[in-house]
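Q: What Swiss-Prot lists as ATP binding site is A435, E436, T437, G438, S439, G440, K441, T442. The SUMO2 cross-link annotation in Swiss-Prot covers K686, K811 and rests on similarity to another entry. Positions annotated as domain 'Helicase ATP-binding' by Swiss-Prot: 422-627. Taken from Swiss-Prot, the feature motif 'Q motif' applies to 391-419. The feature motif 'DEAD box' is assigned by Swiss-Prot to 549-552.
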Amino acid sequence: MAGELADKKDRDASPSKEERKRSRTPDRERDRDRDRKSSPSKDRKRHRSRDRRRGGSRSRSRSRSKSAERERRHKERERDKERDRNKKDRDRDKDGHRRDKDRKRSSLSPGRGKDFKSRKDRDSKKDEEDEHGDKKPKAQPLSLEELLAKKKAEEEAEAKPKFLSKAEREAEALKRRQQEVEERQRMLEEERKKRKQFQDLGRKMLEDPQERERRERRERMERETNGNEDEEGRQKIREEKDKSKELHAIKERYLGGIKKRRRTRHLNDRKFVFEWDASEDTSIDYNPLYKERHQVQLLGRGFIAGIDLKQQKREQSRFYGDLMEKRRTLEEKEQEEARFRKLRKKEAKQRWDDRHWSQKKLDEMTDRDWRIFREDYSITTKGGKIPNPIRSWKDSSLPPHILEVIDKCGYKEPTPIQRQAIPIGLQNRDIIGVAETGSGKTAAFLIPLLVWITTLPKIDRIEESDQGPYAIILAPTRELAQQIEEETIKFGKPLGIRTVAVIGGISREDQGFRLRMGCEIVIATPGRLIDVLENRYLVPSRCTYVVLDEADRMIDMGFEPDVQKILEHMPVSNQKPDTDEAEDPEKMLANFESGKHKYRQTVMFTATMPPAVERLARSYLRRPAVVYIGSAGKPHERVEQKVFLMSESEKRKKLLAILEQGFDPPIIIFVNQKKGCDVLAKSLEKMGYNACTLHGGKGQEQREFALSNLKAGAKDILVATDVAGRGIDIQDVSMVVNYDMAKNIEDYIHRIGRTGRAGKSGVAITFLTKEDSAVFYELKQAILESPVSSCPPELANHPDAQHKPGTILTKKRREETIFA
């Protein structure tokens with residue numbers, strides 16, 4: 001049955017081949033017509049050539065026209081063959097596709113396979129005959145229509161769904177499965193390698209150091225062994241190259257070679273030629289005998305050929321030394337010994353003089369030591385004939401009873417301002433002390449005053465008690481005056497020196513009664529002192545010691561006319577001359593022990609030096625000695641400054657968050673207005689904090705009560721205005737909060753100076769708003785100069801913090817815009 005089907009199929013296939021042959025001729029004609037249409041220029045050329053032949057000369061050779069016609073026909077025949085060959089290729093592709101299908105069917109029926117094979121043989125024979133019958137034509141490029149048709153056919157073939165048999169689908173599934181298995185195995189292998197690497201690393205970290213050292217040594221030896229093998233191969237190649245170079249050099253030297261002609265320099269050449277001949281290079285030696293010199297390995301103190309160069313040098317020097325010793329006379333030997341002794345003595349003296357000043361006695365101090373001493377304590381002086389500072393209380397020239405009082409008051413070591421101001425004050429010279437707050441200025445002017453008062457006869461002091469005090473100390477605020485009074489009583493009471501405070505808020509009659517009873521020192525505020533002077537409660541006829549404490553603060557508060565009025569009440573009979581005599585200690589100490597005839601001494605202490613203070617100093621001070629301690633007008637280096645930019649409504653919440661951090665009491669909070677001070681204190685008390693207030697609206701008793709409670713520890717927080725910003729010494733203040741920023745940088749510096757006193761550290765926190773932009777620039781500079789503070793970027797990058805207020809900014813020329 002299968003054979004009959006195959007025969008029938010052959011019969012059906014044979015007529016189709018005959019029809020295919022017949023259909024070739026119309027196809028050729030159709031292609032020829034298309035070529036004629038696509039190339040009308042060729043037809044025109046043919047018509048022209050015919051016309052030329054008709055109208056031309058008959059004498060033209062007929063053989064030439066026949067050959068041209070023959071060439072044309074040959075070209076057309078070649079073109080037809082090329083088209084037939086292309087069509088044959090297309091038919092062959094179709095037959096191949098059909099054969100693949102038949103092969104699949106033949107796998108199911110063996111009979112079909114045999115018929116198909118015979119048919120295939122017949123087709124291949126026919127194709128071979130066709131190929132042998134026609135010559136291979138010249139390849140022609142495909143036309144544009146054929147390219148487009150081919151591309152369209154490919155797109156359609158790709159768009160059609162491809163049918164896959166069951167076997168092909170199974171093969172595809174098997175292939176995908178195999179790829180998935182390989183990918184999984186690869187990932188497992190990578191994970192295994194990473195785990196092994198991690199375990200090896202952990203094992204190396206946990207293993208014994210000795211075991212790790214042995215393992216590293218073993219690995220290093222293995223690497224060296226492998227490296228030595230490679231090195232030996234490289235060494236052999238190197239030796240062969242060196243041998244060839246050495247042989248070449250010997251041949252050139254002794255057998256003669258082509259010598260390179262050296263370039264000669266002509267006279268007209270501008271450039272000098274620095275060239276050396278290659279044979280003149282003696283730095284490289286290719287002979288291994290000289291290249292690798294043998295180093296002899298010796299044990300102990302062995303030497304090559306028994307020669308010890310060091311020993312030879314020693315013996316040689318000893319020989320010449322003995323020879324010179326024999327030639328020297330006795331006098332020369334003595335001179336040499338004296339020279340050595342002098343040299344040793346000079347070196348010992350140099351070492352002795354180079355000791356630190358703390359290891360020397362007072363009489364051993366040199367000018368260099370005093371300069372180092374001043375640098376150690378940041379002391380800078382200005383003025384003529386300034387005495388040296390005191391190193392300690394024992395080294396000072398103070399009387400024993402004064403030293404005893406100082407020791408009882410707990411002053412172990414003098415502060416920098418005390419070290420320099422006390423010796424100047426003992427010479428009866430005018431002083432301007434510029435020092436930071438909390439530097440011990442009170443004792444600096446009190447101790448010279450107490451020394452002078454105690455030198456006066458006690459009888460004179462009692463008899464002349466109705467003529468007024470010996471000293472007047474002016475302070476800008478009541479609190480500072482009371483603080484100075486406490487210190488003065490502490491020093492003066494053991495010495496029998498009476499002190500009276502003349503300040504506002506206390507009955508004037510009580511103060512007048514105490515003044516009539518007699519006193520040596522009066523501590524006053526400018527306003528109340530003028531009132532007392534005008535009402536004749538006080539007569540400054542024997543006042544020869546005037547102190548202006550916190551002079552810059554007094555000027556800022558508008559007390560400059562009052563201070564000038566007070567100084568005009570002083571007697572002029574004991575005023576110093578404004579000459580060089582004011583700098584001469586001998587003339588200044590004349591009549592030092594008399595109460596009336598001693599020159600008046602004026603002392604001014606300030607934290608800053610504004611122009612108004614300088615003007616006051618020029619008017620009433622005579623040739624003063626100026627003492628600068630540290631960086632005047634700048635905050636403590638031990639105070640950490642923190643700044644927060646916020647709105648007014650956020651201040652209270654931020655303050656409570658800061659207080660919850662647990663800062664140790666006492667804490668001072670500064671506010672600009674009296675009303676705000678009371679409101680903030682009440683709100684803090686409602687939150688459970690112990691707070692008290694201090695401002696100018698409070699009575700004197702209330703102010704004293706608030707300060708005493710804070711110092712005693714009954715209250716933890718003091719809410720104050722700028723009244724508490726200057727001069728008030730409250731020990732161990734851990735934090736200062738500027739709830740409202742000060743109006744100028746000087747007040748800000750004095751505010752934060754309440755903490756970080758007496759060598760301790762502190763924290764100063766400031767709340768800033770947009771209204772405080774006038775002080776942004778100076779505040780930024782103050783924070784940047786502090787070594788323990790950091791400026792926040794909100795303040796550092798703020799436009800108002802880039803330039804000082806009032807400066808006119810001009811654009812650079814390259815930033816200017818020119819409008820034409």
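Counting starts with 1 at the first residue shown.
Using N, Cα and C of the backbone, Cβ positions are placed for all residues, glycine too.
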Q: Which residue counts does DSSP yield for the motif 'DEAD box' (549-552) in the helix, strand and coil classes, in that order?
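A: Helix/strand/coil tally for the motif 'DEAD box' (549-552): 2 helix, 1 strand, 1 coil.
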Q: Using the structure shown, find which entry in K441, K686 (the recorded positions) has the sparsest Cβ neighbourhood within 10 Å.
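A: The recorded positions K441, K686 were compared, and K686 has the fewest Cβ atoms within 10 Å.
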Q: Work out, from DSSP, the number of helix, strand and coil residues along the motif 'Q motif' (391-419).
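A: Taking the motif 'Q motif' (391-419) as a whole: 13 helix, 0 strand, 16 coil.
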Q: If you count Cβ atoms within 10 Å of the Cβ of A435 (ATP binding site), leaving out that atom itself, what do you get?
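A: I count 25 other Cβ atoms within 10 Å of it.
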Q: Return the count of C-beta atoms lying within 10 angstroms of the C-beta of T442 (ATP binding site), excluding that atom itself.
A: 23
Q: Which whole-number mean pLDDT does the model give the motif 'Q motif' (391-419)?
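A: Reported value for the motif 'Q motif' (391-419) is a mean pLDDT of 88.
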Q: For G440 (ATP binding site) and K686 (SUMO2 cross-link), what Cα-Cα distance in Å is obtained after rounding to a whole number?
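A: Distance between the two Cα atoms comes out at 38 Å.
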Q: About how far apart, in whole Å, are the alpha carbons (Cα) of K441 (ATP binding site) and K686 (SUMO2 cross-link)?
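A: With the alpha carbons as reference points, the distance is 39 Å.
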Q: Cα-Cα, whole number of Å: S439 (ATP binding site) versus K686 (SUMO2 cross-link)?
A: 37
Q: Reduced to three states, what secondary structure does DSSP give A435 (ATP binding site)?
A: coil
Q: What's the CA to CA span in angstrom from T442 (ATP binding site) over to K686 (SUMO2 cross-link)?
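A: The separation of the Cα atoms works out to 38 Å.
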Q: If one measures from the C-alpha of E436 (ATP binding site) to the C-alpha of K686 (SUMO2 cross-link), what distance in angstrom results, rounded to a whole number?
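A: On Cα coordinates alone, these residues lie 37 Å apart.
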Q: Taking DSSP as the reference, which of helix, strand or coil describes K441 (ATP binding site)?
A: helix
Q: So for G440 (ATP binding site), how many other CB atoms are inside 10 Å of its CB?
A: 19
Q: Whole-number Å only: compute the distance from the Cα of K686 (SUMO2 cross-link) to the Cα of A435 (ATP binding site).
A: 40
